[in-house]
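First up is the structure itself, then whatever we jot down about it.
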Amino acid sequence: LKFRLAGYPRKHNEGRVEVFYNDEWGTICDDDFTLANAQVLCRHLGFVAATGWAHSAKYGKGVGRIWLDNVNCVGSEKSIADCKHRGWGNSDCSHEEDAGVICKDERIPGFKDSNVIEVRTLLARVGSQCCPGSCRSFSGQGWVPCRHRASRTKGQCKGHGQQLQPQAGWPSTPPLPVGYTSPVSGLLSPCRLFTERQQLNYRLHSVSCTGTEVHLSMCSFEFYQGNTSSACGSGMPAVVSCVPGPLFATGNGHKKKQRQQQQGQPRIRLKGGAKIGEGRIEVLKSSEWGTICDDRWNLLSASVVCRELGFGSAKEALTGARMGQGTGPIHINEVQCLGTEKSLWSCPFKNITQEDCKHTEDAAVRCNIPYMGYENLIRLSGGRSRFEGRVEVAVGAVDGDQLRWGLVCGEGWGTLEAMVACRQLGLGFANHGLQETWYWDASNVTEMVLSGVKCAGHEMSLSHCQHHGTSLSCRNTGTRFAAGVICSETASDLLLHAPLVQETAYIEDRPLHMLYCAAEENCLSSSARQANWPYGHRRLLRFSSQIHNNGRADFRPKAGRHSWVWHECH
């Protein structure tokens, strides 16, 4: 069994309950529903407990089967299947009675969060879309199976930061949002499908999109009823061709990003995300960066942000500071985009004061981006877990050359390079970039193939960083000096409260006999060594300091508790 929360408007810890049973998503009827049922369901969803439940399709009506009815749990069951109910698929309810839950916003430790906000995956049980039109000769890249599988073949390429190329068969869409160039050629011919000898089951036809929907399931369409293999008699399977948007042009996405930054400072950015296209949303207003409050934050508004930044539509609209808490002002609240806007600033919103919202309510987003395959060109070996190890990269995959794996020279390897490696691996943030990895000597790969790697930190792949290319230059070529990384899904992010330093700074004359500890910890200038201790005094610059952690993990000192020592100064 799989479970998810759906519907809108909602936050990440509430929504309509949907259950995946017998290869199909469905809902639960609210008849006889209790808080005990919600407790069991919230644990399924990775939350520690439930704080309430909702009836009468509060989060919108679902689609598909109503899998459970008259559910009666005690509250201690490990699975909803252990509770009493009428039997799977046996229900006298309509979707107007879909049940929802409100869970306590506290995760079960170690639970892998996979809840996707508001993406209604109708396509999970859909076959092909019928596309009327004659057969043409075209070397196509693929057809739209509309199965919930690889994101590249969902038939919504522009939702992934890619350009959709329409042609006769499907109607053309309005101009594509910011981040895409104009359509070039069009839908591909289904001729090659005949050679694939696949039994096609059609479920959708008459799909009509405006072009600004965040998901294909949000377009209007019709279902085929009955025998779907004989449907679509006057048409063919719909086929699409996608090309990456400008940010993702192979090999130079980071250069284009730098060029855009040089052209003018953007008024919106993402912070706190480990991957490209995700993070806490920050906006520039009155020359000061601030955050957005998550009240009424939904997928439509999130998609406007994603497209403004050059990505596809939004995959998740995140609430509750899921990408870390920001600092400074909270600029706007209750953003209500229609989805057609080119910029967040064109959407209706409320200006707020700090009292209306707290940084625990900072809005964030995960955007759809094209599948670039960068993670297939890097791997880790020898580590104790999949998050650590010696870095191995694939080279020679150009012009039909045989792909070969090799090591990266550890000389000059640091945190910025490790950040790019962890991002390329899809493993989050970098905890450490290691220049020696003799303790991870568990692979038969011994050849150095990359040296002089110098990253800015925002690149999507190590190949986008500066490096020596084919002219290797590494003083220590032994495997013990190969680069390694330790990655983490979350990280701390320390930020000094600079205005406080300015506001509290003052000059103080202090007797030397009161400064022994300061001297021992090198807090005094070097001339203090020549002073006539304990007589005389030093003139000091004093100030208060406040350091915030606006990351997504606790900060701990580099030295563990076992290595701390008692000191009379502290």
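Every residue gets a Cβ built from N, Cα and C, even glycine.
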State the disulphide partner of Cys93 as given in TrEMBL, choosing from Cys29, Cys146, Cys157, Cys191. Cys29
Disulfide partner of Cys306 per TrEMBL: which of Cys232, Cys242, Cys367? Cys367
Disulfide-bonded residues Cys93, Cys103, Cys455 vs Cys347 (disulfide bond), shortest C-alpha separation belongs to Cys103
Can you grab the distance from Cys337 (disulfide bond) over to Cys306 (disulfide bond)? Cα atoms, rounded to a whole Å. 13
Going by Cα-Cα distance, pick out whichever of the disulfide-bonded residues Cys29, Cys42, Cys306, Cys357 is nearest to Cys455 (disulfide bond). Cys306
Smallest Cα-Cα separation from Cys29 (disulfide bond) among the disulfide-bonded residues Cys42, Cys73, Cys103, Cys293 is shown by Cys73
Taking Cα atoms as reference points, rank the disulfide-bonded residues Cys93, Cys293, Cys357 by distance from Cys367 (disulfide bond) and give the first. Cys293
In this predicted model, the domain 'SRCR' (378-488) has a mean pLDDT of 90
